[in-house]
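Engineer: Below are the features listed in TrEMBL for this protein:
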- 3-194: domain 'Flavodoxin-like fold' (DOMAIN)
- S10, S136, A137, G138, G139: FMN binding site (BINDING)
Amino acid sequence: MQRILMLHCSPHGRQSRASGLAQELVERLRQRHPAAQLLERDLAGEPLPALTADYAGALVALAPNDDPALGVSERLIQELENSDCLVIATPMHNFSVPAALKLWIDYVLRIGRSFAATEAGKVGLLADRPTFVVVSAGGVYRGEQARQPDFLTSYLRHVLSTIGIHDLEFIHLQGLVRGQEHAETMLAQAREQLAFNPQLTPQGEAS
């Protein structure tokens, strides 16, 4: 593993609980792959430009990759292509992904570039890679105490599989409005989940 792409999607940036745990995850990866380089994007703190009519027109016209209107999209897709691992730290907003992450998705899912349209449906054009999604939420959306729907998990699975990424692991930090003690419990459970992942175990320790 040579390159890790990490996306921070919370308005709180690197101070969010999801980003904090994602940084621990990245440290585990770098213990196993000491030479791995890290590229970070703060999608909320340094937001991407809004989609434009020129961009939409270039999509419809299937413009070449070097068309200026596709510049942002091409740069983001190349960042993903050049990474061997993707780490997404995101809150759940209104049962789904936040606007900052949705905009990244809208740039990265591009017909003829990251996926192809066939008679059988959309086919991903990017190589698969280990992808970790750390999700933080104030409410509870999993388990017996779930009180709200979760559209985020299934949506991201479908989005990423559309471009060819199927090796996904979700780490959930839910019910965070219940206070510090509950948050610490969630973090402890999440760290235990990470500890059992062989991809995050330092060389020589994997069983």
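Note: Cβ is positioned from N, Cα and C throughout, glycine not excepted.
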Engineer: Compute the centroid of the Cβ atoms of S10, S136, A137, G138, G139, then list the same-chain residues not in that set whose Cβ lies within 8 Å of it, in sequence order, for the FMN site.
Structural biologist: A18, P91, M92, V135, L173, Q174, L176, V177
Engineer: Around the C-beta of S136 (FMN binding site), how many further C-beta atoms are within 10 angstroms, looking at every protein chain?
Structural biologist: 26
Engineer: Enter the number of other CB atoms within 10 angstroms of the CB of G138 (FMN binding site).
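Structural biologist: Within a 10 Å radius of the Cβ of G138 (FMN binding site) lie 13 other Cβ atoms.
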Engineer: Can you check what DSSP calls S136 (FMN binding site), collapsed to helix, strand or coil?
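Structural biologist: Note: S136 (FMN binding site) is in a strand by DSSP.
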Engineer: Which value in Å gives the longest Cα to Cα span across the FMN site residues S10, S136, A137, G138, G139 as recorded?
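Structural biologist: Those residues reach a largest Cα separation of 16 Å.
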Engineer: Any same-chain residues 6+ apart from A137 (FMN binding site) with CB under 8 Å of its CB? Would you list them in sequence order, or say none?
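Structural biologist: Result: P91, M92, H172, L173, Q174, G175, L176.
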Engineer: Would you mind listing, in sequence order, the residues at least six apart from S10 (FMN binding site) in the same chain with a Cβ closer than 8 Å to its Cβ?
Structural biologist: S16, A18, S19, A44, A89, T90, P91, P98, S136
